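Swiss-Prot has this to say about the protein:
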type	residues	note
ACT_SITE	Asp152	active site, proton acceptor
BINDING	Leu26, Gly27, Cys28, Gly29, Gly30, Asn31, Gly32, Leu33, Val34, Lys49	ATP binding site
COMPBIAS	701-715	compositional bias 'Polar residues'
CROSSLNK	Met1	ubiquitin cross-link
DOMAIN	20-316	domain 'Protein kinase'
MOD_RES	Ser189	phosphoserine
MOD_RES	Ser386	phosphoserine
MOD_RES	Ser452	phosphoserine
MOD_RES	Ser556	phosphoserine
MOD_RES	Ser558	phosphoserine
MOD_RES	Ser665	phosphoserine
MOD_RES	Ser684	phosphoserine
REGION	701-721	region 'Disordered'
MOTIF	332-337	motif 'FRIEDE motif'
Amino acid sequence: MAEKFESLMNIHGFDLGSRYMDLKPLGCGGNGLVFSAVDNDCDKRVAIKKIVLTDPQSVKHALREIKIIRRLDHDNIVKVFEILGPSGSQLTDDVGSLTELNSVYIVQEYMETDLANVLEQGPLLEEHARLFMYQLLRGLKYIHSANVLHRDLKPANLFINTEDLVLKIGDFGLARIMDPHYSHKGHLSEGLVTKWYRSPRLLLSPNNYTKAIDMWAAGCIFAEMLTGKTLFAGAHELEQMQLILESIPVVHEEDRQELLSVIPVYIRNDMTEPHKPLTQLLPGISREALDFLEQILTFSPMDRLTAEEALSHPYMSIYSFPMDEPISSHPFHIEDEVDDILLMDETHSHIYNWERYHDCQFSEHDWPVHNNFDIDEVQLDPRALSDVTDEEEVQVDPRKYLDGDREKYLEDPAFDTNYSTEPCWQYSDHHENKYCDLECGHTCNYKTRSSSYLDNLVWRESEVNHYYEPKLIIDLSNWKEQSKEKSDKKGKSKCERNGLVKAQIALEEASQQLAGKEREKNQGFDFDSFIAGTIQLSSQHEPTDVVDKLNDLNSSVSQLELKSLISKSVSQEKQEKGMANLAQLEALYQSSWDSQFVNGGEDCFFINQFCEVRKDEQVEKENTYTSYLDKFFSRKEDTEMLETEPVEDGKLGERGHEEGFLNNSGEFLFNKQLESIGIPQFHSPVGSPLKSIQATLTPSAMKSSPQIPHQTYSSILKHLN
């Protein structure tokens, strides 16, 4: 166990000393690897997130996350226990000490699962979805009151304990502080929210957004809980916007004009009536739930409900209790930002670039949309910053095929292919988003030196080239079809390469062969070969010893039936099979049986009626064979056990001439004269002729089997012996 633990620690570089044991990987967070481990001090399982500090940018993100999660304390937020350095060392409160470390460990609360795993099993009941949505809004109300944006809300970052149905928000690796008194335009990172949960404003202005982006993501998550599938699952940002416009109405004219300047091919004169409203995307939900969702998924962030307003909606009235929905008592402000601390130089801080509003009462919705460029110059870069890395999901930017990289983007050394990216953060005119693009280029499946989405695009002739030009639309359509064909071909090749179909067929054949061998092993008697052998033997001369054995066997059977304490030598199943074959034997000689009665009091019945039971089943299963002779014939027992009482002999004498009667136990005692069915009288060893065959039958469900000619009885005995 110790060797396995040390190996796992060495592979993933976990260095926490001997305090934490039983490491198990959980996944990757926004900026680190997450493991679960058992804390030996308290014997409790915790989640540990490792953040590698390789450059100033990673240090800044780590410090930002640590500052945020240390201050956030809420029932619906994953709790953080402590922050550790290498070898499990305790970190000081001096945030500048992070610059001297190569890694940091965040020990936090362990949760059973996440919402993404739950939704893989299918949609939730509306009541469960409403309960989880209430807890999500309750946590968002606290987070936003602390002037924090999560910026990466998705089902995988919402953790759940299934026992008490408690939901908690986690993974603040992409969260940041945003003081509403300051304009953060141009200083916000781009494309951080997972593509399927990005709001329309985030798609149009990726570096100018507000807390409303978290509310849009929450609405998409609520719809996903109700349907079990992603609400807007676009392959790239252009398709993502198209899917949104098909279901979300555009009410304000200024929003429609902005869209008209970006993607006019999708814009109509009247955008208030979408083609596929939410009622079609979410059939079966209640009217209150639909109204609640429509007020969250609005195109304009100014019309969107805040977390506090959503909690006051009538749909949440059964859970909402404002006195139990706390807000942060110590919110973050502009001085809590970390850029100046990390860069260790006041000249490198971006605080001096921020503009202080004269009226600090402005809300987040009152920020100007555009500041440095006209609205007509807005371009939409159809990049898909997907979390997956498969070749099928890689999105191609049509502009990459144009000549001259430097003609497409700003003349800035940060985007020069020959320019080293490492020292770029030292320049005073460096923008943090450019370095972020360079750093995460390998994860977003795109060119490593793409510029900002909208405001940093400069085209060759300094003219606005909208995304509705024919060549670009055709390129995007062709790419989509080709990627679909490639996906189909690749899926087939993988299936053939992995041998899934062949393996499945081989497994089925092996199962069938094993079942066949098992049947051959368990079957007690092959009736086909037996019949063939008996027919061949029937033509041979009957030896004397066989006749003697038949007489002895007949006598033994008649005496065994009179001994009530002797257990039956065959199972109930063989008795049923014997009854069926006897019924067929009687049917063969129907003429001699038609007038025979069974004397059994009130329970008597015609024996020909008894033999016709399940006759229809004989037609359906005429090829079914059973070994019924085990019932009619058994070996002779020890003479000491065959003694009978005189009373029973008397009864037997009284009924000796009867062909059949019912005893008290419901069994049918059969006594058939051999001469009536054409079997010759054999002589017993004592010289007395054998004139009858006796057997015991139990009325029950019978199965049919082929008839055997009476001439083969002696050969059958030979086979049994």
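A Cβ is built for glycine as well, from the same backbone N, Cα and C atoms used for every other residue.
Small disclaimer: the values here were computed from a predicted structure and weren't measured.
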Local backbone state of Gly32 (ATP binding site), from DSSP in three classes: coil
Other CB atoms, at most 10 A from the CB of Cys28 (ATP binding site): 14
DSSP three-state assignment for Asp152 (active site, proton acceptor): coil
Stretch-averaged pLDDT - the domain 'Protein kinase' (20-316): 87
Cβ contacts of Val34 (ATP binding site) (under 8 Å, same chain, 6 or more positions away): Pro25, Leu26, Gly27, Cys28, Ala47, Ile48, Lys49, Lys50
C-beta crowding around Gly32 (ATP binding site), within 10 angstroms: 21
For the motif 'FRIEDE motif' (332-337), residues assigned helix / strand / coil by DSSP: 3 helix, 0 strand, 3 coil
Asp152 (active site, proton acceptor): tally of other CB atoms within 10 A of its CB: 20
Cα-Cα distance linking Gly32 (ATP binding site) and Asp152 (active site, proton acceptor), given in Å to the nearest integer: 14
Cβ-Cβ neighbours of Leu26 (ATP binding site) (radius 10 Å): 16
